[in-house]
Amino acid sequence: MQIFTILLLFNIFPSIFVQNLPDTTVAPRTKRTIKIGIAAAQRIQTSSIGWSVCGGAVPLAIERLKEMGFVKDFDFEYIVDYTECDLGSVVRAGMEFIKTHKVDVIIGPPCAQALRLMSFLAENYKKPVLGWGFVSDTDLSDVIRFPHLTTVIPNSLMLGYAASKMLTTFHWNRVALLYYFSDVKYCSGVMNDIEATFNDPSTPNVNIVIKAEIYLNDNETTDNVFQTVKSRARIILWCTQTSVEKRDYLIKIATHDMIGDEYVHIMLSMRNVAFGTQTSLGKPTFSQSGLTPIWESFTEGTDGFEKMAKQAATRMFVLDVNSEVADKKYLEYMQKNIIKAVQSPPMNCSTVECMTANTTIMGGYARHLFDVVYLYGIALTHTNSTDPAVYGDVDVLVHQFVTSFQGMTGHVVISPNLTRMPIFQLYGLNSDYDQVALVDFTYTNSVMVPNVTLFYKDEGGAVWSYYGHSRPLDIPICGFLGKSCPVSFWEQYKILIFVAIAVIVLMVLIMIIGCLCVISGKRAERARINAEWQVPFAKLIESEKQVRGKGASRRSLQSAPSISTGHSGVTTVSDFCENYTMMMYEKEMVLTAKYQYTHLTKADKERFVKMRKLDHENINRFIGLSIDSAHFISVTKLCSRGSLQDILSRGNFSMDYFFMFCIIRDVAKGLEYLHKTFLRLHGNLRSATCLVNDSWQVKLAEYGMDNLVEEQTPPKKRLLWVAPEVLRGSLSVSQMEPSADIYSFAIIASEILTKKEAWDILDRKEDCEEIVYNVKKGGLFPIRPEIITDIHDVNPALIALVKDCWAEVPEDRPTAENICSQMKGLVSKQKTNLMDHVFNMLEEYTSTLEEEIEERTKELTLEKKKADILLSRMLPKQVAERLKAGQTVEPEGFDSVTVFFSDVVKFTILASKCSPFQTVNLLNDLYSNFDTIIEQHGVYKVESIGDGYLCVSGLPTRNGYAHIKQIVDMSLKFMEYCKSFNIPHLPRENVELRIGVNSGPCVAGVVGLSMPRYCLFGDTVNTASRMESNGKPSLIHLTNDAHSLLTTHYPNQYETSSRGEVIIKGKGVMETFWVHGRFGEMEPTELRSISNRSTPPVTNDRWIPNPSSSHGSRPSSVYDPLQGHQKFKMDTLKVAN
């Protein structure tokens, strides 16, 4: 009633208290004195909040602040009033602090009710209040009601939610609440808040079976309470204010036999001491907090209860604010000097309590008083001013309270509502009786539900080490009085047990019989399975009619006829490079290979059983193994097209990109399947073990045979497919990794892409051993096959993938699964099946074959005509026909022919004035037009050598005596043409000919097989050559025989004259003649010049060329000398200048 009267007066007449308040604004000065008003208590709860054992914390805190660099610009003055938590005294002291002493800050009374009153008073005068002691009531955290109050003690409501979380963590929901009586009613308030949190609908339901108050010196009441607790609960939450009461509780629960494995005593505290007490008697301390264990006596000696209290402490846990102090040495210093500090200046406490205080004990809340003063000093320093208008402004100052620091009560964090954000921890004792934190309950952002962190992994060993490593139950199995134990299983189910035993025995007998049957069946099944993979040697028949396909014709894709399944229907199959043998088994052709006889283990046999079950389109099916002969013989399905090595070695087939892609994809799919099976890898992959069936589908063979030794020593060439890490380590298949298969796959892919053997070994300068050595050697740039393909549309990504697969480091190679995944995007989605692709190719080939044949036939006919024309230009037609027919051309004699020789006069001089190209072009122009003139006459051009020109008439087609006329006419045309012929690069030079003609017998024939030539033999030819060499420029020189033929058979047609007798080399003296032209075509002056010549009469007969003659088939053109020599040039190759 007293407090309400005081508050009413304070609210009605506030002017009484503030009317004489002077202006606080003063001139700034160098150092400012801070006045601290302290409402202390000496006679209540002396060991906890007594000023004699706590007051020294204030000057020690100021001293520590200055050591840490704070409050250097301030001095402090203390005004202490012992209010003893009396409400009237609190109001009086508050008014004196504010009105009389004009304090800057008030350290409030250490009791919750008194602190509320002081806070109301200070709020009206804008003074900050620091709370400590028993001030954990929840309403004191209301920043709206108490905006200027701050404390380092968390409120008990937070403790309640932490306790609720703890019970949930250990699955307890039935508890007892016990608390010691005190005048300040601290524990009573705490338990009220605990009860409120347990009843909060947002928390798990907790059944409070008893809530009782116990007394330190009232053993009768306490005994009754403990007896009631024993009959109702095993999980006890209890609260006390002093260390004496803590030790008293331990001794009492030990006396009442409440320290068994069923009991859990959890002390609720917010004093940051856990299992410790604040004393300086020199007794052992905890390593974490630096405090003395509560089971130690409070005297320098012992009182005989230490062992009992220590044993009881093993059944106790403490839920307290984190008590770990960072600076334990200063805490020890504080414990030793706190009494001295309160007695010495500036406190100068001279009361009886201060002067007689026990120097070995520090007050329970002394550390909290230290921390709250330390907090004020930090906030004061952070105002960065000694101006009272600044630090005296409480609204500015309270914002600086929101901070954190390492204090004597652990890590202090002040929230925006000016209360401490606690870290509650559940403490227990380890095997060394040292307190350890077991569970952490952390509050963040003012949320009332803490976060739980467990500091242990094994709950039984860490938390319940003193409980037999088993968590106690909140309700004992036998009840609280031990009378509700369940009936033993034997007594309750004795009859049922006998019946069950009989049934079990009967079932065991049935099971034994069943097991025997199962074992027998499994043995029979195992024998049957073994019989499946064991192929009797007697059933393997070598086919006498087996025919290799070496002599058989093969199509472009190496197709071969199918193999009949009967004994009588044996046909050809492809060759095998490996030592395979084709045999008959169960009326089917199979592929076999021999191995040396070895001992087969149980694991080998089980593997063969599993191998028979392997089924994949790219795996060659394993039929079995013959083990009843001198050798082991493996039997697999026959692939009629042989192996990839066989196909590539023959090399007489075409393969486009999609065909290559499908072959490589089949190998990759086979590997992917094997790598996922029990075999794990192939281990012997090479192109010889990749077999191809009729459908051009690749199937991997020789897998799972690594424990068998081949009958013949394998060639070193097989090492070309082996990965470098296998070569270096000489690894067996069981030691290899699947990446070794990937390397072998890359070598096979390179064979397919290049359509050559591995490493192109046939065209490579290194032999197998050198290649294997270099691969084994490795290095920064290891040797690898070259991928050079003649297929233009090969996807570069496929080549890149192959190169990735033969990477030197096994880990860098892709897996078979990755290879298959990447290959899906390397070909058009419309193309998926190789046989469909082959059929499409055949259809396209069939549709275009007829057109191609017709076109080729036309081309062949045209080329044949061209060849015939060319051949007819080289040889006479009839001679060429006989040569084309494969007939021998016999030499043939002719009685009368005329031979023509010509030569360019002074050709050497002309050639010296020309470059070689110009010389060739000169002769080409001249002789091309000569050839045109020849075509108009019955003359055959034999050859032209340099500037020499040889022609003949009268062979190979006989023309009577017309040959002399043809030669003379042609010679006159030659002379006429030379008069109009101009040399482009020598316009002043003229071309003149010397012509020699002779008639007589001759022999002609084809000489030679390489570049055959139609040659003339006989003296007639030599004499004609002498006529040319002894002739004169621009004149036609005839022998007497030729002249006689001309004048006899063609009289009066040609104007000739005798040259007289001339000495001819090899002939002696000969009379020769000149031909000047034809009558009627010569100028009159020319006729007068030769009128005195004697000329035989001639006739007007003319020779008509035979259209069936050899030269008659050549293309001809009409020669007109008036048109110039350009008209007669042929379309022949002309060498450029």
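Count begins at 1; order follows the chain as displayed.
Heads up, the Cβ atoms here are built off N, Cα and C, so glycines get one too.
Record features (Swiss-Prot):
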type     : residues  : note
COMPBIAS : 1088-1098 : compositional bias 'Polar residues'
DOMAIN   : 557-826   : domain 'Protein kinase'
DOMAIN   : 898-1028  : domain 'Guanylate cyclase'
CARBOHYD : Asn219    : N-linked glycosylation site
CARBOHYD : Asn348    : N-linked glycosylation site
CARBOHYD : Asn358    : N-linked glycosylation site
CARBOHYD : Asn384    : N-linked glycosylation site
CARBOHYD : Asn417    : N-linked glycosylation site
CARBOHYD : Asn451    : N-linked glycosylation site
SIGNAL   : 1-18      : signal peptide
TOPO_DOM : 19-494    : topological domain 'Extracellular'
TOPO_DOM : 516-1137  : topological domain 'Cytoplasmic'
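Annotated features, which come from Swiss-Prot, shown on the structure.
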residue : record                      : contacts (Cβ under 8 Å, 6+ apart)
Asn219  : N-linked glycosylation site : none
Asn348  : N-linked glycosylation site : none
Asn358  : N-linked glycosylation site : Val53, Ile339
Asn384  : N-linked glycosylation site : none
Asn451  : N-linked glycosylation site : Phe441, Thr442, Tyr443, Thr444
Return the count of C-beta atoms lying within 10 angstroms of the C-beta of Asn417 (N-linked glycosylation site), excluding that atom itself. 16
DSSP three-state call for Asn219 (N-linked glycosylation site): helix, strand or coil? helix
Using DSSP, how many residues of the domain 'Guanylate cyclase' (898-1028) fall into helix, strand and coil, respectively? 54 helix, 41 strand, 36 coil
In three-state terms from DSSP, label Asn384 (N-linked glycosylation site) for me. coil
Would you report the average pLDDT that the model assigns to the domain 'Protein kinase' (557-826)? 82
